[in-house]
């Protein structure tokens, strides 16, 4: 992962937000210069065209000068040609810069997502995270790019128009200056409202994404439970909230523009009245008076555009705060330097307790256990007893107290994360499959380069070939998104083949066969037998009939180890384990 975000100062205010955002644009200095030059040229030409009204009226029409009109005809074509080149150059350069910045920030956000600790995902909805990467990145770049374009283009137009007005009549121009402080006051008031609404709009967009994602993920359950009406009503409420926030934003924008234009119209009316005074009227030619009126009317559009900058900036600032706060999140704690060797690892849990963040009830309490390398150990207990927590802590998905878990007499936090996890192969009910071939799914996540023959051998050992040979392209057949074309048992066998190829020293089986039929389970058990030979095996099981062969069974209840022994020993005790066994 490229840690670009770590080198940029954390934002503590709008000034720092702008500074941090500028760091993404800084690498495109030459393109920015070209874009700015194109914008300025476009604006200068666009506004400057009005100046030709004066000679065309005073010379071409009033004095019937055909040469002036002919020259004007040539200039119109030349001016629009120059205007077109400037428009294309600036638009393309700005679009290119904006797309590169969006790409870079989105990639950083996605990379950050991959390195965040598990606790972050427990406390934040998937919809809000998706919204950050898709919506916020686009909003951030587009808002600031749009604001910069408007600020430069319209400012140059205003400057050119204002200069022409002053040159032709400073008295009439002075009237227009009266409205500037009033417009500034309106913009300031509107800005505060934009900021508040933009924040609410962003949150509501995240809720829409979250509801949509949940509906897609749980589509089957929604249909089977016949809750479509209820889910639709919940989404309608969230969707309507998003619409209302958007309408508030649009209403604020819509009312600010007419107010600004109304104030400007009073200034134009005052100009017309002042121009009727003889002293002023005598100083004006028909061309200069027409030029001033056109210029004043033309000023309304850039003034209106400038008033909209706040809306763009506030959207961008809200997105920037959200994204930069996300990019500054602490990544997984990884300061270990030791390397875990590929041996039959001994594991020791040293009398520790663990509570998930945001919870008050401990998931594990005063837990102590020693597991000898090369043995198979099963953890049993009711749902929520703490079985899966042990596996998560071993893999350091969550941080256990220091020195509380040791592998080969070394605390797991002293190993580097990559070295630690390389020696674990994890097989569970929830199989992660990619939209690719069977072969690529088997080799997915392997920490070394593998050959086609190794993949095929793993497929044979995991009984994948039993169904792969029936597919048109065998192991090179596509399995569809998340393996939608496969059964549960077939998906499970791919996971086992993947674990075999990984060749780790510790195997974790998290209820790997609990949801399978007898035929599928037979194939899986055969594959698991091959997978777990000469390995340290940890089994998290609900189906107690599948663990009678293990070396040791650990019985957990409410986070505490209450019984320990093999199947026969625990049966003889007639305790908690026996009651669990009989209940099945």
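Yeah, the Cβs are placed from backbone N, Cα and C, and that goes for glycine too.
Within the listed segments 5-25, 68-88, Swiss-Prot records transmembrane segment for the stretch 68-88. Range annotated as transmembrane segment by Swiss-Prot, chosen from 146-166, 188-208, 209-229: 146-166. Look at residue 381 (ATP binding site): DSSP puts it in coil. All chains included, 19 other C-beta atoms sit within 10 angstroms of the C-beta of residue 385 (ATP binding site). The Cβ of residue 383 (ATP binding site) lies under 8 Å from the Cβ of 542, each of which sits 6+ residues away along the same chain. Within 10 Å of the C-beta atom of residue 388 (ATP binding site) sit 17 other C-beta atoms, taking all shown protein chains into account. In the three-state DSSP scheme, residue 386 (ATP binding site) falls into the coil class.
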